[in-house]
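Participant: Below you will find the structure I want to go over with you.
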Amino acid sequence: MKALSKLHAKPGIWMTDVEKPECGYNDLLIKIKKTAICGTDVHIYKWDDWSQKTIPVPMVVGHEYVGEVAAMGDGVRGFEIGDRVSGEGHITCGHCRNCRAGRRHLCRNTYGVGVNRPGAFAEYLALPAENAFKLPDDVTDEMAAVFDPFGNAVHTALAFDLVGEDVLITGAGPIGIMAAAVARHVGARHVVITDVNEYRLDLARKMGVTRAVDVSKEKLSDVMTELGMKEGFDVGLEMSGVPSAFSQMLETMNHGGKIAMLGIPPENIAIDWNQVIFKGLVIKGIYGREMFETWYKMASLLQSGLDISPILTHEMPIDDFEKGFETMISGQSGKVILNWD
């Protein structure tokens, strides 16, 4: 079958012909319809330090997808041939304390689809059935293809109560922008997002943020004054991994504020702990999606009228995958969809 693989230990991803995966006793065999390019895939494409330490070569990559059930193992219940599905890319062990306590997203032995085992950039994907999510009919294939990053956004945005709160989001990448849309949808008062990429700040404006701020041209303190904010932000969503953005978040948080961190900063980031301690801030790390509460929330948010379609900026056939990666790397895009049909 056709697949995109990390074929060599150097920059690039290659179109390959690989064996169709076998469907195990508890697996679904999923015929892939659409995939999306993730920032993780870009890291793998560039072959950065993290990728060199993490990704086995050769291996099929990719983990954002939608497809149909083409075959089922004998032990599978609850699915039928033809069901539309997406799937949780974190495959957990089932026997550690967190798994047994129902906190599978905190499994200490997680394996990643397209990271530690063959991925979804292929005509077929074999996946444990317990990791598959059956999609409601009113969720489009395009939306379902980005459920993985949308889930990161939902998990982060809903980490703390947002109703009536002023929310600062640092980092207007696709996940940050989707988190901003979620925050507005669930009742936040002001949602302010910061970045230096004007293309993506414009996308955030289309998604309904109160203010999208280019911090290279505008002071966040001036925006807060403009909005009549006297006491700082109640909730912060750190999506950038940029140390200066996190420092600015700490400075502008209200006393008793809460911060959810999804962005991954460089090692040994300096933190002004006086801001954290004397303001009584709560900082929570966010990893992946809660299984499967986040997935049900994603579907419900879309069904209740949340529109994140502006984030889907490019769509192209799989044979144009090089163009897709170039578009993502340029920073002049939201999510890029690759069609396998």
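Cβ from N, Cα, C; glycine included.
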Participant: Please pick, from Ile175, Ile271, Ile277, the residue that Swiss-Prot records in the NAD(+) site together with Asp195, Arg200, Leu262, Gly263, Ile264, Ile286, Tyr287.
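Facilitator: Candidate listed by Swiss-Prot for the same site: Ile175.
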Participant: Could you check the recorded positions His43, His63, Arg200 and say which one's CB has the fewest neighbouring CB atoms inside 10 Å?
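Facilitator: Comparing Cβ neighbour counts within 10 Å for the recorded positions His43, His63, Arg200 gives His43.
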Participant: Hey, of Glu64, Cys96, Cys99, Leu262, Ile264, which of those binding-site residues are within 10 Å of His43 (active site, charge relay system), Cα to Cα?
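Facilitator: If one measures from the Cα of His43 (active site, charge relay system), no binding-site residues come within 10 Å, so the answer is none.
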Participant: Show which residues of the chain containing Cys38 (Zn(2+) 1 binding site), separated from it by at least 6 in sequence, have their CB under 8 Å from its CB.
Facilitator: Gly62, His63, Glu64, Asp148, Pro149
Participant: For Zn(2+) 2, what surrounds Cys93, Cys96, Cys99, Cys107 with a Cβ no more than 8 Å from their Cβ centroid?
Facilitator: Thr92, Gly94, His95, Arg97, Asn98, Arg100, Arg104, Arg108, Asn109, Thr110
Participant: Cβ within 8 Å of the Zn(2+) 1 site's Cβ centroid: which residues qualify beyond Cys38, His63, Glu64?
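Facilitator: In sequence order, the nearby non-listed residues are Thr35, Ala36, Ile37, Thr40, Asp41, Gly62, Tyr65, Gly89, Gly114, Gly119, Ala120, Asp148, Pro149.
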Participant: Hey, how far is Cys99 (Zn(2+) 2 binding site) from Tyr287 (NAD(+) binding site), Cα to Cα, in Å?
Facilitator: 15
Participant: When neighbour density is defined as the number of other C-beta atoms within 10 angstroms of a residue's C-beta, which of the recorded positions Thr40, Glu64 has the lowest density?
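Facilitator: Relative to the other recorded positions in Thr40, Glu64, Thr40 has the fewest Cβ atoms within 10 Å.
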